[in-house]
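Q: Here's a structure for you.
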Ligand SMILES: *Cc1c(COP(=O)(O)O)cnc(C)c1O
């Protein structure tokens, strides 16, 4: 073996909404295995997706995810590509048998999924929080769902606006499809309440390039909309255990490591407690601050994405600049909303949030 060189690193507190912070342990393990994965003499990036090594990687990843989320046996787990955005089209292509579906519009990602579905059929807006810049989750107890709708669609955690459903909508017996990109594995979920759960992993789980979809088996059929590409039929992917073509091998490998890390941490109930504790530190500070304000209705606040403002665009910019210089990076709000946003996913340590709050306090004193 050639000798390894020490790499000196300096890490920041990365509050990016995505691609986002990953557990340091996972990165270190991946670094250690980079040149020679388990005696193969290759990196996982360099090996066949049909090799024994990769077969173990993808099977282990699925097994660990099933354990973490307690996924019932009648659900398939697929590792796909194309980002959550491609899945916006896959949902109607695979599910719109009646060519009609209901969408709840809680932000940009729900809006984009809705617009995509309209290409394929009659997508109906069931509720929306657009009237108040998506700062809340609309009442979903009695939605105008009709019998001929194939499914009801939600974006469960709204990455840009920082809202999260605390209770799933009453779908009146219709299949629920949820984009969970930015809350994936942040807390336990009852998979059986959903027909389809999916997300791009680059927010809370792994590197960009992988979409994980958990789909109830009876919904995986050959009966897709005419013209659905082979690759976008869930049946193709399910029949081939996500290996119809070359999957995003390296991304799946890192996701698998994150699943093992989550199991070691104690699983999703422990993650939920940790996430609640971290979010509370930041929200409690925002609630008493005279300078910073949270932008979301309290009962709908996300544990993962925390948007806030000073109310003055120049002061916001000054804050972002000084925070960056102090090692708190990617705090600028989404380009469509401005202000700031701290994404505090699973891998953000509590210490990162505490230090950010200390920095905000200091900034508030200096700019009062
Ligand atoms: C980031 C994000 C998307 C888009 O994901 P891509 O993988 O870039 O297509 C969709 N939905 C939600 C909730 C997101 O946070």
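Quick reminder: no glycine exception, Cβ is built from N, Cα and C everywhere.
Computed from a predicted structure; not experimentally measured.
From TrEMBL, here are the annotated features:
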DOMAIN    12-356  domain 'Aminotransferase class V'
BINDING   50  L-glutamate binding site
BINDING   84, 85, 109, 159, 179, 202, 245, 246  pyridoxal 5'-phosphate binding site
MOD_RES   203  N6-(pyridoxal phosphate)lysine
Q: On the Cα atoms of 84, 85, 109, 159, 179, 202, 245, 246, which are listed as binding pyridoxal 5'-phosphate, what is the maximum pairwise distance in Å?
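A: If we measure all Cα pairs in 84, 85, 109, 159, 179, 202, 245, 246, the largest is 31 Å.
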Q: Nearest by CA distance to residue 203 (N6-(pyridoxal phosphate)lysine): which of the binding-site residues is it, out of 50, 84, 245?
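A: Checked the binding-site residues 50, 84, 245; minimum Cα distance to residue 203 (N6-(pyridoxal phosphate)lysine) goes to 84.
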Q: In sequence order, which same-chain residues at least six apart have a C-beta under 8 angstroms from residue 245 (pyridoxal 5'-phosphate binding site)?
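A: Residues satisfying the criterion: 231.
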Q: Report, as a single number, how many Cβ atoms besides its own are within 10 Å of the Cβ of residue 109 (pyridoxal 5'-phosphate binding site).
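A: Looking across every protein chain shown, the total is 22.
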Q: Between residue 246 (pyridoxal 5'-phosphate binding site) and residue 50 (L-glutamate binding site), how many Å separate their Cα atoms?
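A: On Cα coordinates alone, these residues lie 9 Å apart.
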Q: Same chain only, sequence gap of 6 or more: which residues have a CB within under 8 Å of the CB of the residue listed as 'L-glutamate binding site'?
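A: Long-range Cβ contacts: 243.
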Q: Given the binding-site residues 85, 202, 246, which one is most crowded in terms of C-beta atoms within 10 angstroms?
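A: Answer returned by the neighbour count: 202.
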